[in-house]
Amino acid sequence: MSEGIVVERAGQKITVFVPEEGKHYRGVPLGKVRKRDKIFAGDVVEGRIVDNETFAIEGIKDRKNLLIRPPIANVDKVVIVSTIKNPPFQNYLLDNLLVVYDYLGVNPVVVFNKVDLLNEEEIKELDKWVDIYRSAGYRVIPTSSESGEGIEELREELKGVVSIFAGASGVGKSSLVRELTGEDLKVGEVSSKTERGKHTTREVRLIPFEGGFIGDAPGFSRVEALNFMDREEVRLHFPEFLRYECKFSDCLHLEEEGCEVREAVIRGEIPCERYKSYLKIIKAFVPWLSEVRNCSGD
Ligand SMILES: Nc1nc2c(ncn2[C@@H]2O[C@H](COP(=O)(O)OP(=O)(O)OP(=O)(O)O)[C@@H](O)[C@H]2O)c(=O)[nH]1
Ligand SMILES: [Zn+2]
């Protein structure tokens, strides 16, 4: 019995890499597997090497997770790319992505790309956001695929794991992957506005990278957490909220009596930017927020 990882899934074509042999094989699912399960890129499969070219897939190991966009199993990390400028930063979008990927069981790396474009004032803006996300407990890396800043740090972060790149259009996902691997990302799904140029594909390949792999298609460019989970679940995916114990264990951190998260926002321990994103995600409003210093307005 040998073990391999599915590194390519394109129509009927399945390519299996067997680390033990350091070789690629054409994967042929045996009847039982073919009927029982769909096989995805990232799947760890068990089977037999039939000949120099063929790997008979007899079983699929339990998956840690299975993403739909791109369709890859067992994704360890998602590099969520944002920019401060070109395009402007949208913290609500980042916060939604962080909530959803956490829910899906994928570890995020927060990347602020294109730092080469920033002037002094914009660097202050960058530092503010880096601070906010680091304090929340996230791994944050400012990068530039132009100047090379942060690329080595990102490389270290992706060693030996299966990762994908996600984030809004134009933030530099492709450029970063090209800088790291020399290969391009596939064109992502286009928005409904440009439906004509639609180029959806279920073909996925894992690009070998530093003992791990990078998916060759982008993850979500935007999401709404409530399409994935209940309103009550969202608070569990704001790691900085979990440090506080409210009077009621099902506290939504709105206007409940004994809410420690509210106290932390008032004291400035939880940044109001993050708390406001939380409110917006669950479509809630709290009157007390307008009284908090530096926290009014949108
Ligand atoms: N100045 C600067 N420009 C960059 C950087 N990274 C990418 N760009 C430019 O930003 C533009 C968009 O980069 P892409 O890599 O295509 O962005 P993407 O996120 O893959 O975009 P989509 O395919 O639309 O999702 C290109 O013109 C890049 O040359 C960077 O670090 N600095
Ligand atoms: Zn609370």
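A Cβ is built for glycine as well, from the same backbone N, Cα and C atoms used for every other residue.
Automatic, uncurated: that is what TrEMBL annotation is.
Taken from TrEMBL, the feature domain 'CP-type G' applies to 64-223. Taken together, the residues in the domain 'CP-type G' (64-223) have a mean pLDDT of 92 on the 0 to 100 scale.
Residue counts for the domain 'EngC GTPase' (73-221) under DSSP, split into helix (H, G, I), strand (E, B) and coil, are 55 helix, 34 strand, 60 coil. The domain 'EngC GTPase' feature in TrEMBL is assigned to 73-221.
Summarising the annotation, TrEMBL assigns GTP binding site to Asn113, Lys114, Val115, Asp116, Gly167, Ala168, Ser169, Gly170, Val171, Gly172, Lys173, Ser174, Ser175. Taking Cβ-Cβ distances under 8 Å and a sequence gap of 6 or more within the same chain, the neighbours of Lys173 (GTP binding site) are Val79, Val81, Phe165, Ala166, Gly167, Leu185, Pro218.
Under the three-state DSSP scheme, Cys246 (Zn(2+) binding site) falls in the coil class. Among the features that TrEMBL reports, Zn(2+) binding site is placed at Cys246, Cys251, His253, Cys259.
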Binding-site residues near ligand 2 among Val171, Cys251, Cys259 (Cβ under 6 Å): Cys251, Cys259
- prompt: When the Cβ positions of the binding-site residues Asn113, Val171, Lys173, Cys246 are compared with the atoms of ligand 1, which fall under 6 Å?
  reply: Asn113, Val171, Lys173
Message: I need the least crowded one of these binding-site residues (Gly167, Val171, Ser175, His253), counting other C-beta atoms within 10 angstroms of each C-beta.
response: Ser175
